[in-house]
Structure formats: C-alpha cells, structure tokens
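A.B. asks: Below you will find the structure I want to go over with you.
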Amino acid sequence: MTATTDVQKISILGKESIHCGFHLVPYIVNTVLTELPASTYILITDSNIAKFYLPAFEKEFKSTLSGLLNGTHARPRFLSYIIPPGETSKSREGKAAVEDFLLLNKCTRDTVILALGGGVVGDLVGFVAATFMRGVRFCQIPTSLLAMVDSSVGGKTAIDTPHGKNLIGAFWQPEFIFIDAALLETLPSREFSNGMAEVVKTAAIWDDSEFNSLESRSAEIFAAIQTPSTNYAGRSEKTRSDAQKLLLSVIIGSISVKAHIVTIDPTEKGLRNLVNFGHSIGHAIEAILTPTILHGECVSIGMILEAELSRQMGILSQVSVGRLTRCLKAYNLPVSLADPRIANLPSAKLITTERLLDIMKVDKKNQGNDKKIVLLSRIGATHEQKASVVPDGLISKTLSESVTVVPGIPSFNPVKMTTPGSKSISNRALVLAALGTGICRLKNLLHSDDTQVMMAALSELKGAKFEWEDGGETLVVHGGNGFLSVPPKGKEIYLGNAGTAARFLTTVCTLVQKPPTGESETTVITGNARMKQRPIGPLVAALRANGSEISYLESDGCLPLSIRPNGLSGGIIQLAASVSSQYVSSVLLCAPYANEPVTLELIGGQVISQPYIDMTVAMMKTFGIEVIRRVEKDTGKLLDIYDIPKGSYQNPSNYSIESDASSATYPLAIAAITGTSCTIQNIGSSSLQGDAKFAREVLERMGCEVNQTATETTVQGPPIGQLKAVEEIDMEVMTDAFLTATVLAAVANGKTRIIGIANQRVKECNRIRAMIDELVKFGVSTNELDDGLEVFGKPVEELRKAVSVHCYDDHRVAMAFSVLASLVPGTILEEKRCVEKTWPNWWDDLQNKIGLEVKGVELSTPSVSLSSAPLSPKSVILIGMRGSGKTFIGDLAASALRWTFIDADNYFETVHQVGVRQFVHENGWPAFREAETKLLKDLLTEKGHDHVLSLGGGIVETAAARDLLKGWVSSGGLVVHVSRNIGEIIEYLGTEGSRPAYGEPVSEVFERRATWFAECSNHRFINHVEAFADGKIVVDPTDTKRGVREEVVRFFHHISGVSANLAQNLMPGHRSYFLSLTYPDIMLALPKLEELSAGVDALEVRVDLLRSKEDIEPLGKHIPSETYVADQIAALRRVSSLPIIFTVRTVSEGGAFPDHAQKEAFSLLKLALSLGVEYLDVEMQLPEQTIKQLVARKGSTQFIASWHDWSGRLKWNSPEAQAMYNIAAQNGDIVKMVFTASTMQDNFDCQAFALKMNGRPDAKPFIAINMGAVGQLSRIFNTTFSPVSHPLQPSRAAPGQISFAQVQKALHLIGELPAKKFYLFGNPIDHSLSPTLHNNAFETLGLPHTYELLETAEVGEDIKNTIASPAFGGASVTIPHKLNIIPLLDQLTPAAKVMGAVNTIIPTNDGATRILVGDNTDWLGIRGSIAARIAVGQIHAALVIGAGGTSRAAIYALNDLGAKVIYVWNRTRSRAEELQASNLDMNIQVIDELGQWPTGATAPNVIVSTIPASETSFEDDTDRLFYPASLYSYRDGPAIVLDLAYKPVETPLLKLAKMTASNWDTAQGVEVLLQQGYAQFEKWTGRKCPQGIVSRKVWEVYYNRV
C-alpha cells in the first residue's frame, strides 16, 4: 500500500523530514518502523482525535509489527495514551501525567513517541520527548491546519503556566513531520480558519505572490476543505482532485517558508522572529480570551494591530493594511476587538491597553524592557529581518480606543497632501465594473470598511472576481456582465453600517438570477443595529411597485431585507428622492439590466443631493451607458425624469478614482482654524463631487484665502480666532461637509446658520443632533432647525477644555471634532476606529502628514451622548394622555423637588389670552399644534431649570415637537411619560369638558401615541390605581393617594438624583438582605407583603418568573410583556417604599428567562431603568454592547453585576473566579457571584475569597454565596444583600435560600449576633407600650434581643451600671430623665441639641471605643404621622398648641416638612415667645386666641396639640381650655390634627374635628409613639421595624387597657 503513496518532501535543517500527502497512515507507520527502530512506539493523542484516527493507527501498527521477525530481540511494543483535549492539558500537571505513563510502562531512551493532534498535543509531547530520559526521538502528526503550518514545524516545544503561554519549554526537533491533509476533512470550519491565519501571516511576511493567491482564491480554498475524499482518493497523485492539489499547495507553500526560516535560524536569534508577526499583540489578547477565542483568531487581530502600528510609524501603506484586512476577513477571521465574536464575550471587558502591555512584557522576543514587534514594510516583506524595538507609547496609541489631538500649529505647514479615494466614487465604480463586461483596473480605490463591505457582497453574489496589482495599489475587476447568484442557504450578506452599500445592493440584488432547485430562494441583506434603523423604505416601495418581491424581515422601512431573484422589470419607476440621493443612484446603476428600458421619475418634493445623482450619471457614461435627463421643452428647465436604455456596461481598461472631497474638508478646516496653509491635490473645480465646493462656498466666506484650480485646492486660514460667522450657508449640495462647517462655526465670531441638510438625520447617526449634543459639552450654544442648525460661535479661550466627544460610531463626527481638537486642549475623541469607514489612517496622517501630535487615550467608561451637567438641574417634562394624571403627579413632583410646577395648557392660556378649547375652535388643530410646539420651545429655553413642566397630551402629534423632546433627553434632560390604564382615562374624559374633543375614539388616539410617548421619554411613571381603588387589595387603612404621594417623592427624587432610594445597610460593617419574590403575580403578595419583607433592605422582583393568567408558555420559554411587568412594579410601589432589585434571570444562570432572548431581556432592563428602579441585576453574560447601552442610561440606578454558575465546576480559589470578579467590578456598582457548593469547604473558600476582595482599596459591595443545601452557611457568612426567602412564599428563588429570621438565629448561634438588652428609663413607666412594641419586633425578625423597663426616680447608679454593661444595646428615655441623662452621654445629635432633651440612647463604636449618642425621635414620630397624610411642602400653615419640650419636637418636625408658617399658642404667652426666640430661622408666629388667625393669613391645615386632653373641651367650660370650631376653618385640601395625649381614645380636639370638617384626618398619641418607636428600633438595629405586625399588637394592648 505504501508503494502507491505519493508524498512531497520539504527540507528543514538539511534533512527532508517533512512529508506531505493524503491518507498517510500506512505510510507513516512504515516510515517510522523502518527509519526509527525502537523497543517501544507510543502514540499520544487527545480524546477528540482518538475517536477518529486512533483505531486506524492501532490496526496498522498491529498489522505491520506482527509481520516482523522476532529474531534475537523482542518484537517492539506499540502503546497509546489519551489525554484530555484543550489547552489545560498543556501544563506542568499534564506533562507529569504523560511522564508517569512512560515510566509506568518502563519506557527507555530508545522509545519513539508519536504526537497525533493539534498544537496542544504537539507542544506537550515534544517537551516530554525533549526531557524524558534527557531526550527521546519523536514525530509530529498534526491534525489541524494550524499545527501543520505552524506549531509542528521548527522544533519549538513548551507548556503553559499561569503567567503566560509557552514560557517553559525547549527546542527539540522532531525526526519526521507527517502532513496528512486528509486529516483536515474532519476539522471544523472554524478550526480551518484558525489555521489559515498562520498561512496568511507567512505569506504576508515573505511571499507577495502567495499572498495574491490567498487573497483571490479564498472561496476555492474553503471549498477544498469542504470536499471530502472517498476510497483514499488523493493518496496517489493520479487520484488527487484539483481541490486537493490546491489545498496541499497552500499547506506546502506555507510550511516551506517556515522551514527555510527555521533552517537559517533554528533557535530564534533573529530571522525566525519574523514568523511571530501578529503574535506579540495576538498572544496578549489570547492570554485574556483563551480558550473561547482560538490562537489563530487572536493572531489575526494581532496582525492587523501590528500592521496599523507599522502604518502609524510611516513604514506601511494603508493599501497593505486594507489588503491584509480583506484577506483575513475572507477566511472568516476577526480583524478587530470590536468583532461581535469578541466584543460580546464577558472576558473581552478585561482587555485594556494597560493589561495588554503588561502581558506583552513577558515575551521571549523582548530585550529587557524593550518590546520587539515584527513590522511589515509591504505585503511580502518586513521592515527588518528581525523583530523591531517599538516604544510602549506607539503600541499604546495603536491599541487605545480613543485619541486626543495635541493643539498647536501643524509642523508641516504649509501642508500638501492627497486624501483617500472618494467613498462615493469608489462604491459606484465597484458596482459599475462588477456589472460590466471585461476587465477594469481601478486606481486610487478607497481602502476602507465601506469598500470592503461592497467588494465582499459582490463576491458573495458571484457578480465579479477581484485581484490586486502593483502591490495592492490597483484593483483588477473581472466584470460579471450582470450575472449574479443567490448566496448559499443560510448565508446573509452583512453590510455593517455601510449605508451606500445597503442602498446600492438593494437594487443589485433584484438582478440576481433564479437559483437551481434546492438552493436558497432569496437574498438576505442585513447590517448592524444602526443600519437596521436607517431608512430604505422609499427605495423598496419603488422597486416593489415595479414588480420586485422584497420583504422586511424586522422593522418596516429598514434592513434586513429578503429579496427574491425575479429580475428588475423596468419601464416607469417612480421614486421618492427627498431623503437620500443614494436611492436614485441605486436604480440608475442597475437600470440598464432591467427587462425593459427604464424611465425613472423622481417624486415627493425637493430632490436631495443632486450632485451625487449627476456623479452617477457621469460615471455611467464613462462605462458606456448614457442616461438622458429630460428637459421642459418650453423653458429648457431640467426635469427630475431620467431615461436609461437597456444595455451592458463596457469596462474601461483603467479608471482612476478621484480623491474624496468630503474627507478633504478636514485638513482644509485645520488650516482654517489654525491660521495655516493646506493644499489638497486631486480635488479641484472640475471634481464630480459636490463637497469640492466647500472651500469656496464655506471657507472663503468665513475669512479664508482660497485658490482653486481644476485639480487642486489651497486654503490659507486667517489668524487664530478671526474666523467669520456666516449668516446662512445652504449646504444641500455638500451635506456631508456640514459637520466640518459646524465645528468651524463654533469658534467663529457670531451666529452661523446652516441649512439644506435634513437628510443628515438618517446617516450613520442623527448627525444634526449629534453635533448639537457634543458642542454643548464645549459650552457652544446651538439651535436646531427643520433642515439644519444655527451655531453661536464663541472665542476659543471660552470653550470648555478636556471634553470627551462621543462619536456615535460615525467617521464624520470623529474627524470633524478632531478639527476642533486641534485648537481646544484635552479634547478626547472616543471610538477612534470609526474613521476606518472612509479614512482609516486619518489619525496617522494627522500626525505624519499634517504635523499635529496624536496620543492614545484609554477611557475607563466612554461618555454618553449627553451634554455637560448644568449648574442647576434641568427641568423635568411630563408627557402622557389627557386624563393620565400629569397635573396631579406634576404638582406632587414639584413639591417633592421644591421646584415650580407649570401646566402647559394653563401657560398657553396665559400667553395667548384664550383657552385651548376656544383656540382650537377658532383656529383649528394644525394651528394649535404649531403654537403648542413653539410654546414648548419657549418653555425649554425660559423654564429649562428647576421646573416641572406638564405638557398637553397631543404634544407628540408633530415631528417637530417630538424632536424637541428627544433632544431634551439626549442633552441630559428628563422626560417622564405618565401612563394610566386606558379604561380609567376613557372614564375620566367622559366627565372632563375643559379641553377640545378628539374627534375620534380615545382608544385609537391612545394606540397612535403610545409609540411616540415611548420614543420621546426616558422615564415612565405608572399611575394605575384601579386595583387598589376597587377594594380587591387592601394594604393600608389610609387612602390610595398616600401610596401615590410616597411613590412620586421616591420616583422623582431618584431619577433627578436628588436623593436615590438606596439601601443604607450596604455600607461596610453592616449586613443587608433582599427578599426574592417568586410570585407569578405580585398582586397575590401585596396583602401580606409587610410580613414577607420584615427585616429586609430591598425587594427583588424576579421578572423571569412573572406570568399573567393568560400566559401558557412553559418556564424557560415564557417572556412576560412589558405592560404586565410595569404594572407589577407599579403595584409593588404603592405598598412598599423598599428599594427594588429588578432581575431577569436566564435559564443558563438558574432562572426562567430564555437564553436566546437577549433582545427582549434588553428591552425589559431598559424598562426597569425608565421606571426608576433602584437596583438592576445585569448578567455579565450579556453582550458587552448591551451592557454599555444600559450603563449609558443608568442614572441613579445601581447595577448588580452578576455571575451564576450551576455546574459546580467553578471554584472560589480558581483563576476564573478572580477574572469573573474583575469583569463584574468593572461594570457594576455591586458585584454578585453565586457558585454551587458540593462540600462544606466551598463555603469557607467563598468567605475567604470575599474577605480578599473586600480588602481591596477600591472594593465594591460584594455578594458571594453558594447555592444548594450545603451552601447555606455561605448565606450566613455573606454580609452584602443576602438573598432570603419566606415561608409564606410559593417557592424559593434558588436552592438553599433561607429566611431572614433563620439567618439571624444562625448568626446568634455562631456568635456573630450576640444578644443585647434594651431598656426604658423613666418613672412611672409600668403602663408603657414600648416593651410590647420592641419585643414583638425582635421576635418577628428572629433577633435575640430583649426590651425591659428600668423604673428609677433619678438618674443614679442603676442607670449608670446598665449603660456601662457590654450587653447594653440602647434605651428609650422618658420623663423625668430626658434632661438629667445628658451628662452621661458622649454625643448629642443635632435634633437632641435643638430640642434640649434626649429620648433615645444609641451605643456606637468608633474603632475600639464605645460612644453613647443621645438622640430625640419624638420629632420623627410627629413627622411620620403628618407625612403619611400630607406631602412635603404642602403644609400651608400649622398650629402647635403648647410650648413645652414636645412642642419643640413638633416645631422641628413641621419645619422639616416645609411648613410655610407655624402658629404657636400657649396659656403663658412668654413660654411661646421663648420657643419663637430660640428658632429665629423659622417662620413662627405667636397667637393669642385659638381659631383666630392674622388678617389675610391662611388657616392651618396641620394642628398638633401637646397638652393633656383632660385640660381641654370643645364646650364652653371656664375650667378647661376651650377649642372653637374655627380651628378647622381650612377646607381647601387635606388636613391633619394630631393630639399627642394617649387618653382618652378620642380626645376633645379629635372629636371636634370629626364633628366639624370632613377633610380633616385625625391621629392619636399612640400613633406618634409607634412612629418614634419605629425610628428608635431602626437606629438601634439597623433594620426597619415590621410596622404592621407591631402596630396591631400595640393597638390591641392599648385598647385592652383603656
């Protein structure tokens, strides 16, 4: 059999030891046994390879060995050893295991070892062979393409350590390397691509002709690996297919280069460094991303980054970088860290410039601290015949994602340069040449993302073949004459954010020919997230009307599209061209290939960007098709009608692409802004491009000197600071250049108005909005227009410095602001790589050709597209349907924020001196909408700070108003959508008559506006009350408005950042807990929520477990609707003020939310932020871009960055745990890691890991627990937000969860929570309700404490000994000790100082010293009772009856609640005046008669009595104080009277209120006792008192006693 095996041999180190062929197993066995006699042959492979190939080797060895004569020696043995697959086997432990096997089997020095496998097996086995018995012979039999062309050749052997890859090893040459290409037939396609990275690398450094072949034959090479052989075809040359020959030639070509290099430099002293091209940076990336991302994939990215480094140093051209990028992409390899395969990995978050540079320090090529990198000089050659020393600063600049431009005068002034080829012309030329007949050589083609996308798409459609000449300077296009094919099934044409390609290819794909049966029936074109938002609807509509079958696969009007290959019918095509001229060019370019001649009629108003249409027509003429534009016979006026004949483009042999005029505006603008000179070659007055007019029509008018010939443009800028503003510039013919004009206008002396650019809202981003938002950061004011903007220039010295510019992944935004950065110090341009779309080497050219230094910047967190924070808070805007409660909510919100409330409808009436209803009646709805929008604009300008603005329900009906609202959001403002159940709104509107009628059903209006409300707002307030109002759910004896009021305060404090409702116990030294609610419908939990949540600091809503009665999908597949989730959160808010943790737990992390539904999860997480939840659980497995978008929206919400491992594989002491923590700490405010315990030791490991992480200087709150029954101890150890359950819940959220009370009891048992004693000091106190209050609270929460009475006549030794005891936990103090206790205390709180009395003692610790703090919670009791009924700021006037110590507490509470005036009455006026005098900062007025108020003054809506009830009466009784009915004269809103007397149950003051006024609520003294007791309990224990349970018990005891 071996006689029929044909192999090709390659020499290395003077020996033909590399043998290449197909199906070589018999050949290998025969060669080894013949050439390498031994006593033992051992084949080592991994378990993946063993199942495919080990039996064949065993059979062949057995057969061959059995035929050998015994002679005088024992017949050789054949043994095999199988190792686990993967990089982890390539370790010290893995090496020891192999060596132990060899020793166990008594192998000797004559043993021959065969390494069958990929790079891991070859490296490991080679190192074993190098060291076993001081060296034994071995052979490499690589099974992966990567191993064949790289690791198996050259004798490098090594193992990995935790410090890096391949750091321990030896040079040990194999006796033979057998390259059996048939082994690749079982290789997954990703692994083949992985190997192709090394093949491309070798060609790139050594052989340009080989690179040309790889570049042009990627499809054939891929097909070769996908063509399996049968019956050992290929073993002999005569049975070898063309595909096999191609594959073998690729492999041999690559190996031959490496073999030649190794022969010259076997131990890597210089030349051999070259094969490490891409590896210096690639290995550093691999160290972070392994094992998820493969070696070749990391090297691919490394090659591009190292090529960019060469380009940055002026060594390599952009043409070569572009070619290398395209070639690697052709083999499905990533070329950027932004590749979704990389960016979506959690570990990618650990890739920073600093981390990569640190890893690169440990590189075998380095010399000391000098890093050495292989630098390309061109394709096929390197800068030096070895790796070159490169400074860290240059590497850092290449690796960084952001840059800053150092301001100054360009050092190359006067600058003379050429810009890259025009993107517009390049894309048109590619389509024309691909559709044409013959060969066309394109020169000066733009080498960028956009053109790469276009070429790749045309290749996938088999529309043309491309190859390169002149070192990549010339693209040779073999035209396909209009013949195109549907891509293979499942293959989508991905266009990224390339808008031009998307528009052109939409029509190109209609020309595709019908495929054979069984092939894909449609062509699908798609793009990235932004591309899926950019419009393509008018083009699709026109093509559909012409008979093309095109379907939207997601959103109407946008990509992705599915296009059937039915051809283009032709005839009359009507197209709306007011959005993009690219729609027109798309049809024009393809029209000659339609079935009939095309007449293209442009409709729908003003045609946008006519010069680009003219460009297309002119280029079509060059390629042989003449388009006729019709003219009006009588006037000669050009019409928007084009006649295109049928025909075929005839490719010119050469076509030179003009330089890009849009790109030319940036260096010209730098000359203008810096007062220097710049000449741009290949752009002049004869240019096809409209943007070539920028110099004359913009720069010259701004004060520059412009000289322009047919092919060249020179600009000399005025002295710095002397640019002139231009009253108005119509940039309709050069819309892309408006961004450059805008940044110049920012430093011009006056207002510049730019118009004609409306289409720029639908480019890579909304460019008009982007420029406005980013200029605000510099302090530049702008005004948005319907078709442009106004810019109010400022002197450059007044601009804000050190601004971080968000570039929106838009090349033109980045390059425009780099112009401004040349003048403004510290400006950072984020997303520097977005310039790759049109000028990939812009940052290099800025430094190397213009002469401005550019530095790399590493941002910890990219800025978001918001303007800088204003000096005072921006106003909050409320939108929503009429009847949703905007006025009511807005009034409460303004009161809570202490801002001014404005109802826009009332403001409208004030401005126009007529009501809304009458205005509509007299002028109609359109006029009202216009006036309403103008009013909104005025409000945002004049009332833009410290206001709450409630707008009319129809404000979203006009695009202009919607843009204003969206602009407010993007500039950092808050727009809150107040929503309410449609049924409630309809019911309300049925009785409301002050507004004009809709003229259509309310439900239809509601449905139409719903999307607009959502897109114009960044927050949402749910005002649903029906579930509470109908009596189905009773949660509180007070009315529903109390819950609404509390939620309004919490919500608006949170979203505005005034006071986020966060858990206080998250601080170090405290324990915190959250209850995981597991109800499918939270409504079921509300009646018992207080009992469920006793002791916890927050409530977790498990959104993945929510499901309404109508939901029938099984767990793991169900996705709750946003409406249902929002209603659930709103209901919970009405019942509890505890912070909410919003969690969408996926199936893979132990939840019920589908893993694949990442888009839906993102929508729910955004909903949570809009609802103002306090905490958002964000799983770190989410795509990085998703996490970034959430971070940009988070506001005051804190992120819990979470990991959950259910496998039990991860251990706390593993490197993986540390990496996971680092990722979470980078992204979250709180870190959460949950593993699964299998042993008790796992709990101690968990605690040790948590202690280590919490000991970091920058430690964040850390949740570290184990799941499962064995892991319960970790829940007791954990101090931060321990998840707890409750026996009343339907289920636990996770295995091993225990209740809050169980945790407290366990803490007590292990000594972490010692029992404390609390007391009441006073006399007499035997009837006190305090023991009932506190002991019931302790018992409910499972706390081991007790509360006792200590009745003493004076503050003596009993009290002194008690407070000195280590078991003393705190005390309540009542009469007569409130003053005498003070000398025994170390500190007093401000409240205690103001009131001059103490009712609470709180022991605290200051390190090792115990400190006794005296406080007074009486005021908190009073405040709590009042605040439950009346909102902060809504107390118009208050009355305090009495002037004793409790009256001081009442005044303190009323002032804190914002009472505008406080009346004080006392029998002895002088005592009242003393109170007034001691509180001069408060508006206190002493009155002489109850019920009589100062003339013109408002009667009080709060009354607090502090005198004994037995001394009062509402009947005229001379022996007691008389309460007149006039006390309750206030009738205009909610009011409250509070009598602090305990007896009788209904005091005269309270009874009079009930008899006199229905709007007055009453509160007894016991309620104040409860409120101040709740405050005491929380101050002592750090836990909120379980109020409902405690209050019921206290009232029960109280009523029994009275």
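Every residue, even glycine, has its Cβ placed from backbone N, Cα and C.
Pulled from TrEMBL, these are the listed features:
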type	residues	note
ACT_SITE	GLU268	active site, proton acceptor
ACT_SITE	HIS283	active site, proton acceptor
ACT_SITE	CYS834	active site, for EPSP synthase activity
ACT_SITE	HIS1204	active site, proton acceptor
ACT_SITE	LYS1232	active site, schiff-base intermediate with substrate
BINDING	ARG134, ASP150, LYS156, ASN166, 198-201, LYS258, 272-276, HIS279, HIS295, LYS364	7-phospho-2-dehydro-3-deoxy-D-arabino-heptonate binding site
BINDING	GLU198, HIS279, HIS295	Zn(2+) binding site
BINDING	GLY880, MET881, ARG882, GLY883, SER884, GLY885, LYS886, THR887	ATP binding site
DOMAIN	81-193	domain '3-dehydroquinate synthase N-terminal'
DOMAIN	195-366	domain '3-dehydroquinate synthase C-terminal'
DOMAIN	417-846	domain 'Enolpyruvate transferase'
DOMAIN	1320-1401	domain 'Shikimate dehydrogenase substrate binding N-terminal'
DOMAIN	1436-1516	domain 'Quinate/shikimate 5-dehydrogenase/glutamyl-tRNA reductase'
DOMAIN	1565-1590	domain 'SDH C-terminal'
REGION	1-392	region '3-dehydroquinate synthase'
REGION	1315-1602	region 'Shikimate dehydrogenase'
A.B. asks: Around LYS886 (ATP binding site), how many other C-beta atoms are within 10 angstroms of its C-beta?
C.D. replies: 30
A.B. asks: Among GLY880, GLY885, all listed as binding-site residues, which has the most CB atoms within 10 Å of its CB?
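C.D. replies: Per the Cβ count within 10 Å, the most buried is GLY880.
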A.B. asks: With the domain 'Quinate/shikimate 5-dehydrogenase/glutamyl-tRNA reductase' (1436-1516) as the reference, find which of 81-193, 195-366, 1320-1401, 1565-1590 contributes the most Cβ pairs under 8 Å.
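C.D. replies: If we count Cβ pairs closer than 8 Å to the domain 'Quinate/shikimate 5-dehydrogenase/glutamyl-tRNA reductase' (1436-1516), 1320-1401 scores highest.
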A.B. asks: Whole-number Å only: compute the distance from the Cα of HIS1204 (active site, proton acceptor) to the Cα of the residue listed as 'active site, schiff-base intermediate with substrate'.
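C.D. replies: Pair distance, Cα basis, whole Å: 8 Å.
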A.B. asks: Rank the recorded positions VAL200, VAL275, CYS834, MET881 by the number of other Cβ atoms within 10 Å of each Cβ and report the first-ranked residue.
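C.D. replies: Highest number of other Cβ atoms within 10 Å: VAL200.
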A.B. asks: Around the Zn(2+) site (GLU198, HIS279, HIS295), what further same-chain residues have their C-beta within 8 angstroms of the site's C-beta centre?
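C.D. replies: Near the Zn(2+) site, beyond GLU198, HIS279, HIS295, sit LEU146, ASP150, ALA197, LYS201, GLY278, GLY282, HIS283, GLY296, CYS298, VAL299, GLY302.
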A.B. asks: Determine, to the nearest whole angstrom, how far the Cα atom of SER884 (ATP binding site) is from the Cα atom of ARG134 (7-phospho-2-dehydro-3-deoxy-D-arabino-heptonate binding site).
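C.D. replies: Cα to Cα, SER884 (ATP binding site) and ARG134 (7-phospho-2-dehydro-3-deoxy-D-arabino-heptonate binding site) are separated by 85 Å.
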A.B. asks: How many neighbouring Cβ atoms, not counting its own, are there within 10 Å of the Cβ of ASN166 (7-phospho-2-dehydro-3-deoxy-D-arabino-heptonate binding site)?
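C.D. replies: Taking all protein chains shown, ASN166 (7-phospho-2-dehydro-3-deoxy-D-arabino-heptonate binding site) has 18 Cβ neighbours within 10 Å.
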A.B. asks: Nearest to GLY885 (ATP binding site) in three-dimensional space, by Cα, is which of the recorded positions ASN166, GLU268, ARG272, HIS295?
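C.D. replies: Closest candidate to GLY885 (ATP binding site), judged by Cα separation, is HIS295.
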A.B. asks: What residues, ordered by sequence, lie under 8 A Cβ-to-Cβ from the residue listed as 'active site, schiff-base intermediate with substrate' and sit at least six positions away in the same chain?
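C.D. replies: Counting only residues 6 or more apart in sequence, the Cβ neighbours of the residue listed as 'active site, schiff-base intermediate with substrate' under 8 Å are ASP1177, ILE1200, ALA1201, SER1202, TRP1203, ALA1224, PHE1262, ILE1263, PHE1281.
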A.B. asks: Are there recorded positions among HIS279, HIS283, CYS834, GLY880, MET881 that sit within 10 Å of HIS295 (7-phospho-2-dehydro-3-deoxy-D-arabino-heptonate binding site), Cα to Cα? If so, list them; otherwise say none.
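C.D. replies: Taking HIS279, HIS283, CYS834, GLY880, MET881 one by one, the ones whose Cα falls within 10 Å of HIS295 (7-phospho-2-dehydro-3-deoxy-D-arabino-heptonate binding site) are HIS279, HIS283.
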A.B. asks: Distance check, please: Cα of ARG134 (7-phospho-2-dehydro-3-deoxy-D-arabino-heptonate binding site) against Cα of GLU198 (Zn(2+) binding site), rounded to an integer number of angstrom.
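C.D. replies: Checking the Cα atoms of ARG134 (7-phospho-2-dehydro-3-deoxy-D-arabino-heptonate binding site) and GLU198 (Zn(2+) binding site) gives a distance of 32 Å.
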A.B. asks: Quick one: give me the count of other CB atoms within 10 A of the CB of ARG134 (7-phospho-2-dehydro-3-deoxy-D-arabino-heptonate binding site).
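C.D. replies: Excluding its own Cβ, the number within 10 Å is 7.
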A.B. asks: Around the ATP site formed by GLY880, MET881, ARG882, GLY883, SER884, GLY885, LYS886, THR887, which additional residues qualify by having Cβ within 8 Å of the site's Cβ center?
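C.D. replies: So the additional residues around the site are GLY953, VAL978, ARG980, ILE985, ASN1023.
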A.B. asks: Tell me the Cα distance separating GLU268 (active site, proton acceptor) from LYS886 (ATP binding site), rounded to the nearest angstrom.
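C.D. replies: Cα of LYS886 (ATP binding site) to Cα of GLU268 (active site, proton acceptor) measures 75 Å after rounding.
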A.B. asks: So what's the mean pLDDT when you look at the domain 'SDH C-terminal' (1565-1590)?
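C.D. replies: Over the domain 'SDH C-terminal' (1565-1590), the predicted model scores a mean pLDDT of 92.
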A.B. asks: Which of the recorded positions GLU268, ARG272, ARG882, THR887 has its Cα nearest to the Cα of GLU198 (Zn(2+) binding site)?
C.D. replies: ARG272
A.B. asks: Here are the binding-site residues: SER884, THR887. Which has the lowest count of other Cβ atoms within 10 Å?
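C.D. replies: So among SER884, THR887, the binding-site residues given, the one with the fewest Cβ atoms within 10 Å is THR887.
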A.B. asks: When the number of other CB atoms within 10 A of each residue's CB is tallied over all shown chains, which of the recorded positions GLU198, GLU268 has the maximum?
C.D. replies: GLU198
A.B. asks: In whole Å, how far does the CA atom of CYS834 (active site, for EPSP synthase activity) lie from that of HIS279 (Zn(2+) binding site)?
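C.D. replies: About 25 Å separate the Cα atoms of these two residues.
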